[in-house]
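Annotated features, as they stand in TrEMBL:
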type	residues	note
TRANSMEM	12-32	transmembrane segment
TRANSMEM	44-63	transmembrane segment
TRANSMEM	84-109	transmembrane segment
TRANSMEM	115-137	transmembrane segment
TRANSMEM	144-165	transmembrane segment
TRANSMEM	185-206	transmembrane segment
TRANSMEM	218-241	transmembrane segment
TRANSMEM	270-292	transmembrane segment
TRANSMEM	304-321	transmembrane segment
TRANSMEM	333-355	transmembrane segment
């Protein structure tokens, strides 16, 4: 079932590059290396490439379904399962989108509390940040995409700051190569899931592209750039840290910033963390926009009312996660659900949607 969007709300296909990349680069960049290296150590860069290639395949599957349906995930669900069962599956997807936004925001607040403001209350930052989020989303999808563009361009300078640790690099840390089993790489691959999550929101905003079929190449380019950045960071991390040191370092990316010194800045990581508030803004905005969009499509309410409900739930839920173990558990659950969704549910949906399309053609 085709979903029609008014011309004034549509965006150019090339902006798919910024939308997917801004959603995939988030708070996970600050500490993903430790979790990946637990299983594969010096071969962790292989996991980054394998995970990136797998996501390209899933993106291809999503575009195949969306191009045929010319709609969103609700349209695909209704075609495949019918209105009621399809609506139930879409509702669970909406909950997943909310959980993703909450996870990103709460994890970033933890970084602020550990590195900058130990006495800061969780609910105060949540409330202030969500006011900005509401203002952006209320402006429509084009405003959200504008934030995605800024979220890529404004903090781009930070890429060059990661060259500083190369002064202390030990290239022998990368040897021996291909020293881990397929099982270990598979376990490491699972931990990369949270870092690559976000591209599946294409299932919601696909109808907002002008000539959406032409956005596919830009979407793949955006994900490829994400893979490049994760590979770049992982290689620098591996040559800077010893394997044992890396396993003990929770925020490996932030710790590398600590060695940077300027005459006018003693703690560069403060600038890095402040810049990251801009980086995660597209994460939160896109996740909550997509959740409220699905609520609008499911329950026939205005998107602004649905958004207010989503934000109120976030303000209530965020302060409930207080300890590091609780936040880590939240990340693990969302990552696990995301893993099953993108590598289990989407391929299954692709197969079932293909079958239903064939059956309906014959009928």
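Just so you know, glycine gets a Cβ as well, placed from its N, Cα and C.
Only pairs six or more apart in sequence are counted, and the transmembrane segment (144-165) with the transmembrane segment (84-109) gives fewer than three Cβ pairs under 8 Å, not enough to call it a contact.
Through the fold, the transmembrane segment (12-32) approaches residues 104, 107-108, 111, 145, 147-149, 151-152, 191-192, 194-199, 201-202, 205, 209-212, 214-216, 218-219, 221-223, 225-226, 229-230, 233, 250-254, 276, 279-280, 282-283, 286-287 of its own chain, all at least 6 residues removed from its boundaries and within a Cβ separation under 8 Å. Annotation: stretch 115-137 has the most Cβ pairs under 8 Å to the transmembrane segment (270-292), among 44-63, 115-137, 185-206, 218-241. With Cβ pairs under 8 Å as the measure, the transmembrane segment (304-321) is packed most heavily against 115-137, out of 44-63, 115-137, 185-206, 333-355. Listed by sequence, the residues of this chain that lie at least six past the ends of the transmembrane segment (185-206) yet keep a Cβ under 8 A from its Cβ atoms are 19-20, 23-24, 26, 28-29, 32, 35-40, 43-44, 46-48, 50-52, 54-55, 58-59, 62-63, 66, 71-73, 76, 93, 97, 100, 141, 212, 215, 219, 223, 226, 230, 283, 286-287, 290, 293-294, 331, 334-336, 338-339, 341-342, 346.
Within the chain, the transmembrane segment (218-241) has long-range Cβ neighbours (under 8 A, six or more residues past its boundaries) at 13-21, 24-25, 29, 32-33, 36-37, 42, 44-45, 48-49, 51-52, 55-56, 59, 63, 159, 162-163, 165-166, 168-171, 173-174, 192, 195-196, 199, 202, 249, 252-253, 256. Sequence-distant contacts of the transmembrane segment (44-63) (same chain, six or more residues past either end, CB-CB distance under 8 Å): 33, 36-37, 174, 178, 185, 188-189, 192-193, 195-196, 199-200, 202-203, 213, 216, 219-220, 223-224, 226-227, 230-231, 234-235, 238, 342-343, 346-347, 350.
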